[in-house]
Amino acid sequence: MTEKSWFETIFCCCCHRTPIIRREIKLGCFGIGSAGKTTFLKVLKGEDPRDLLRTNGFSTVKMEYDETFHLTIYDVGGDKGIRGIWSNYYAEVHGIIYVIDYSTDETFTESIEALHSLTSNPHVQKKPIFLLLNNQNNREFDDVEISNETKIQAGQHKIVLFSHFNKYNGYLDNIKSATLTVMARAKKDRNEYQEQFVRFIDSISEHYVELSEGVKTAELALRIRQEEAKEQRRLMQMKVEHDALKADVAGLELRNQPPVQPPIPPDPPSDPKSASVHIEESPPMSLASSTIPSDIIQSTPETGTPRDPVNFCRISQTSTKPVSPESNSVKEEPTIILKDNYFLPPKAPGRQYSRIQRIQNVLNNRVVPK
């Protein structure tokens with residue numbers, strides 16, 4: 001068996017070394033407005049916390065804890081109008097950091113009320129909680145009294161750790177320790193809140209698998225809700241575009257449609273007295289009769305001869321005979337057969353009268369009403 005050279009021994013060990021996979025721990029940092037959440041996270045990371053802006057909404061802070069874990073902390077605003085979004089983060093984190101503002105009695109009471117609302121949420125139960133009392137004015141306090149005010153029951157959470165954080169004294173102004181991990185900085189500075197925070201992370205690492213299952217389930221549900229909301233917005237946009245296109249098509253069809261004609265009124269009802277009157281179709285008018293007046297008609301002859309075509313021409317009106325006394329009671333309607341208003345030529349062969357004579361005979365035989 002050949003021995004390995006020193007070169008192969010060194011480089012083979014480096015190549016076959018198992019890479020360290022850092023697991024992620026997600027935390028949520030909550031508290032009322034101006035409670036000192038961002039200040040605490042800056043100091044925990046080893047950065048200067050001065051000249052900070054007020055957090056509106058939320059911000060994400062990332063830091064390395066040790067060689068095994070790295071931290072992602074959601075710094076959520078604490079104004080009354082923003083506290084409604086706190087519940088959106090409870091299920092998606094492994095643990096809770098809650099900062100209590102102990103500057104005045106009013107801020108302390110408000111912080112305790114917000115804490116009660118937070119711990120009553122079912123997604124917060126069975127998760128580790130780190131309570132940090134931010135004593136900016138260095139007031140005296142009793143740990144037992146404050147713990148009783150929180151009213152957090154034993155066994156309701158995995159573990160509840162309590163610590164306090166006094167006003168920043170500027171010890172990080174000239175120290176560049178931001179490159180250190182949280183664990184290394186805690187061993188170096190040995191502050192009480194850092195030691196309690198390390199215990200808080202250790203409790204999460206002990207139950208990491210169980211807590212991660214809940215976080216993954218919440219993240220999956222969040223992605224499903226986001227996809228559903230995205231699909232709903234897409235469908236709404238498609239509906240708006242479809243309605244707009246439909247309105248454009250309707251406008252074009254209305255523009256190309258011919259104008260609507262007004263309805264034609266129906267004919268008035270006919271007179272029942274004239275129901276017995278029969279209008280016959282007139283034959284084509286001849287040139288010989290084109291000059292006959294239009295009010296002259298030809299009646300059916302009763303006593304005249306067929307050779308006399310002008311003997312029975314009458315005006316189109318009712319009879320002019322005097323009414324007898326016997327006819328006052330019963331009035332008969334004469335039946336008149338109307339024909340076209342022109343003169344027909346004689347039926348006998350040959351013309352016995354000229355055109356002018358026929359017209360003259362018609363005019364002489366007209367009955368003028370008295």
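The backbone N, Cα and C atoms fix where each Cβ goes, glycine too.
The compositional bias 'Pro residues' feature in Swiss-Prot is assigned to 259-271.
Residues or ranges marked as compositional bias 'Polar residues' in Swiss-Prot: 287-303 (among others).
Residues or ranges marked as compositional bias 'Polar residues' by Swiss-Prot: 314-328 (among others).
What Swiss-Prot lists as SUMO cross-link is Lys239 (among others), and the listing cites experimental evidence. Annotation note: Lys239 (SUMO cross-link) sits in a helical segment as assigned by DSSP. Long-range neighbours of Lys239 (SUMO cross-link) (same chain, six or more residues apart, CB within less than 8 Å of its CB): none.
Sequence annotations record features per position, and here Swiss-Prot assigns SUMO cross-link to Lys331 (among others) based on experimental evidence.
The annotation S-palmitoyl cysteine is assigned in Swiss-Prot to Cys12 (among others) on the grounds of a curator's inference.
What Swiss-Prot records for Cys13 (among others) is S-palmitoyl cysteine.
The S-palmitoyl cysteine annotation in Swiss-Prot covers Cys14 (among others).
The S-palmitoyl cysteine feature in Swiss-Prot is assigned to Cys15 (among others); the stated evidence is a curator's inference.
Sequence annotations record features per position, and here Swiss-Prot assigns region 'Disordered' to 255-331.
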